[in-house]
Ligand code: PAF
């Protein structure tokens with residue numbers, strides 16, 4: 001696991017060329033890591049790529065804004081597409097970028113066969129964005145089949161996504177390992193997200209409510225689950241310009257809400273709207 005790219009990654013737009021690149025690498029006994037992204041890369045993505053580099057010899061980053069995981073009133077059209085900047089950011093970090101067109105991924109216009117995320121996929125983000133996780137898992141399983149990586153890296157920032165991908169891999173016996181990489185934050189606590197670029201200066205300040213709520217809850221965790229939840233909610237009560245969607249403390253092993261008298265590991269999830277931008281964040285919390 002010593003190969004280090006020093007130049008711009010090879011850009012592949014077809015499934016056939018990607019398969020060929022991976023086949024050649026495997027023939028040389030190289031391990032393959034996949035970092036699935038929708039582009040608009042930031043330091044959080046680069047942390048996934050760096051972890052992929054530690055775990056494998058060939059690091060493939062996919063960049064594809066997947067229409068299947070956006071609802072009709074969501075930001076598919078305006079989602080940032082910054083391929084040139086993404087390639088520059090990946091220079092010296094990734095070996096190859098798979099950046100297919102929508103027609104390459106969905107030649108029939110959509111996918112007749114889809115992956116269903118199950119009951120947990122209908123909670124939290126899934127309740128706010130019906131069909132989102134089915135679309136996400138469908139494209140992720142296509143990417144796994146195209147690249148056939150030994151390991152795939154996902155950001156812990158999308159904690160429910162990482163949970164559901166791991167569940168799919170276990171349920172369908174997919175032959176790869178999944179690793180969730182810790183959230184990367186700005187110095188003031190804001191979790192990095194491609195959607196942060198939608199925020200005005202004022203909205204960016206308001207967006208700190210999410211990480212502050214997580215911090216407040218953590219401070220109250222010695223008093224138990226209801227006190228921690230109440231502390232997190234209080235932050236949003238003080239900031240009516242931030243519209244809370246959900247705040248929940250789940251069991252990280254099941255993603256079901258923690259009982260009020262629970263002890264042990266929890267994970268607090270929060271989603272809120274700041275202006276037109278929907279943001280999510282999460283943090284572990286121990287009781
Ligand atoms: O997290 C994302 O950027 C997307 O949901 C993913 C995993 C690349 C699938 O489109």
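Glycine residues also receive a Cβ, built from the backbone N, Cα and C atoms like all the rest.
Remember, TrEMBL labels are computer predictions, not curated facts.
The active site, proton donor feature in TrEMBL is assigned to 45. The ATP binding site annotation in TrEMBL covers 38-45, 155-158, 184, 192-195. Per TrEMBL, beta-alanine binding site is recorded for 69. Annotation source TrEMBL lists (R)-pantoate binding site at 69, 161.
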Binding-site residues (38, 41, 184), the one with most neighbouring Cβ atoms at 10 Å: 41
Binding-site residues: 69, 156, 161, 194 - member with fewest neighbouring CB atoms within 10 Å: 194
Cα-to-Cα gap, residue 41 (ATP binding site) vs residue 161 ((R)-pantoate binding site), nearest whole Å: 18
For residue 44 (ATP binding site): intrachain residues, at least 6 apart, with Cβ closer than 8 Å: 155, 157, 183, 184, 191, 192, 193
Residue 184 (ATP binding site) in three-state DSSP notation: coil
Pairwise CA distance, residue 194 (ATP binding site) versus residue 161 ((R)-pantoate binding site), rounded so that it is a whole Å: 16
Those binding-site residues in 41, 156, 184, 194 whose CB falls under 6 A of ligand 1, listed in sequence order: none
Same chain, 6+ residues apart, C-beta under 8 Å of the C-beta of residue 45 (active site, proton donor), given in sequence order: 35, 37, 61, 89, 155
Pairwise Cα distance for residue 38 (ATP binding site)/residue 161 ((R)-pantoate binding site) [Å, integer]: 14
Residue 161 ((R)-pantoate binding site) - helix vs strand vs coil (DSSP): helix
Residue 69 (beta-alanine binding site) and residue 156 (ATP binding site), distance between Cα atoms, whole Å: 18
Pairwise Cα distance for residue 161 ((R)-pantoate binding site)/residue 69 (beta-alanine binding site) [Å, integer]: 12
